[in-house]
Amino acid sequence: MRAYLYDNLDTDCREPHEQNPSVPVSVEELEASGVLYWRLKDENFEDQIDKICADRNYKNRDQITVSKQGLGELFDAKIKTFFAEHLHEDEEIRAILEGTGYFDIRDKQDRWVRIKVEAGDLIVLPAGIYHRFTLDSNNYLKAMRLFKEDPVWTPLNRPCDEYPYRKAYLNVIEAN
Ligand SMILES: CSCCC(=O)C(=O)O
Ligand SMILES: [Fe+2]
């Protein structure tokens with residue numbers, strides 16, 4: 001995983017969009033915005049996932065393959081929804097199984113931070129954080145999705161900041 005400030009250029013979102021010179025963002029800075037990261041080793045991958053699920057009370061899991069083949073005729077619409085800035089009332093938890101892609105999060109200074117993920121990365125986006133997702137130019141990512149409850153997966157788009165979990169998120173971030 002690598003994170004850096006997004007260049008905010010209006011070009012294809014699948015390009016790296018890394019500022020020049022690059023402004024790296026550390027795991028600690030991501031944590032300050034409530035984003036958690038684990039690097040899972042290849043051996044006993046599932047055991048590591050099971051331990052994180054037990055520690056963080058994640059009860060359900062499924063898989064998603066974000067590709068033309070994986071999503072079929074839903075692909076274009078899903079890609080558009082994923083890249084539309086949104087938040088959830090629950091954590092967004094993804095263990096990357098294959099491929100690569102980008103999660104963009106709005107940090108606590110409201111800057112776009114691009115998080116490049118690859119197989120072996122596990123990322124947790126906190127409830128209430130504004131984020132978006134895109135594939136990169138490889139156009140393929142397979143991820144395990146973990147959930148505290150049964151997923152009622154409701155991406156809620158900006159600019160409404162009145163959501164209770166947005167307020168709760170901001171309170172937690174301000175408290176840090
Ligand atoms: C790899 S799926 C991530 C896309 C997303 O933000 C979502 O599921 O809401
Ligand atoms: Fe999301």
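Placed from the backbone N, Cα and C atoms, the Cβ positions cover glycine too.
What TrEMBL records for His86, His88, Glu92, His131 is Ni(2+) binding site. In the three-state DSSP assignment, the secondary structure recorded for Glu92 (Ni(2+) binding site) is strand. Counting only same-chain residues at least 6 apart in sequence, those with a Cβ under 8 Å from the Cβ of Glu92 (Ni(2+) binding site) are Val124, Leu125, His131.
Per TrEMBL, the feature Fe(2+) binding site maps to His86, His88, Glu92, His131.
In the three-state DSSP scheme, His131 (Ni(2+) binding site) is classed as strand. In this structure, His86 (Ni(2+) binding site) is part of a beta strand by DSSP.
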